[in-house]
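Noted in TrEMBL for the protein shown:
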DOMAIN    B:4-200  domain 'Glutamine amidotransferase'
ACT_SITE  B:C79  active site, nucleophile
ACT_SITE  B:H185  active site
ACT_SITE  B:E187  active site
Amino acid sequence: MITKRIIPCLDVRDGRVVKGVNFEGLSDVSSPVELAKFYSDNGADELVFYDITASVEGRALFTDILKKVAETIFIPLTVGGGINTVDDFDRVLKCGADKVSVNSGALKNPNLIYEAAKKYGNQCVVISADVKREDGKFTVYAKGGREKTDLEAVSWIKKCVDMGAGEVVLNSIDTDGVKGGFDLEMLDAVCNAVNVPVIASGGAGKKEDFVELFTKIPKADAGLAASIFHFKEVEIPDLKRTLKENGILVRI
Amino acid sequence: MIAIIDYGVGNLFSLKSSLAYVGADACVTGDSEKIKTADKIILPGVGAFGDAVKKLKDARLDEVIVSEAKKGKPIMGICLGMQILFDKSFEYGEYSGLGLIKGEIRPISDVIGENLKVPHIGWNSLKFTDKKSKIFKYINDGDFVYFVHSYYASNCVESVIANAEYGANLTAAVQCGNVYGCQFHPEKSGNTGLNILRAFCEKGE
């Protein structure tokens, strides 16, 4: 049977990994290439790369780094950040990305999902949603969680899947950074609404949070996290052993 | 030299990098002369069957692949590239493939049951069949590989060298003489995938 996936996420700005990184055994901990290789060699099932560069020069540097990463790792690679047009899809796919994650770009122009899925296939288009509770409703936020929209999250995500998104990254703003576990209630609502893989993001602080995720939300396909892996608070081989001991199928 | 056939579908970047990693001399080409002089051929592919076969035919590469295969040259199809090696597919209609492997391509939703997601995306383990294949010489039964597909090869039991369990036994890899196929992506399957490519690219046979 298919295994549950563990996905480290690397935020890259001006060619470097940002957010805290605390690694021993790597000569340059902020090099996305070295870090990606480390994760690939140490049990990550997939990698997500976010381009949080603002400038055009930074974007060119990102593409350069992306190519080097894609040459170095032999696991699936998803790229997001600043994807607004089909040309942006083309740009990162040519550098070796397997999937492209859209967020604000799809909010501005939902048709982007349809156009990209038609051109590259549903499996290539990942809808990433930043979601927060507002008056008891799951509300979608744009621009990295800074801007509130009028959209209700479950219906928005369902619409994206209907338009061709082949995978969902659900990032709960409410649990993000709190390290108290994934947002099970939000994940449950989304997992029950769509029939494509759902990647849980936001809230993981320890191994047990992943055990709880996959035990309580069996429909969740993957768990994504950044700093807990970068800081070695959770090490992937150890995490996978724990998941396996708890009867959760993982690739070891 | 290994010819990776370029007919305008899919991302060949990772495949080229992974062949370089296992030390194979590979080139990405749509030139039939180069394909004819290559020692081995890899046919990649992502997208829809009908469209991909049309592109292959428009470039007149279908004839080259079939004639080289019949001469005994090792050929490996990957993902949609594997499906194209079969007789036909029922993806959005009915389309003929290259007919190098007996069988047909059908939706996985026909067999996997309603609870499972389509496409079949992620890491799944290989279950070898009784048929031994040289491409598995460096890997083990149960090793994990990465799949992304909504269609599968059916009615091909005599060629199947490995299955993957996903609500049903889905064809994961096939071999029919010198013609090989992987439904999964060896170039995205970590060391296991690299070892499959290494075995395929090895000199000899």
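The backbone N, Cα and C atoms fix where each Cβ goes, and this holds for glycine too.
For B:E187 (active site), the same-chain residues lying six or more positions away in sequence with a CB closer than 8 A to its CB are B:S14, B:L15, B:S17, B:S18, B:I78, B:G193, B:L197.
Under the DSSP three-state reduction, B:E187 (active site) is assigned to helix. Here the Cα atom of B:H185 (active site) is found 6 Å from that of B:C79 (active site, nucleophile). Secondary structure at the residue listed as 'active site, nucleophile', taken from DSSP and collapsed to helix, strand or coil, is coil.
Counting every protein chain shown, the Cβ of B:H185 (active site) has 24 other Cβ atoms within 10 Å.
Of all the Cβ atoms in the protein chains shown, 24 others lie within 10 Å of the Cβ of B:C79 (active site, nucleophile).
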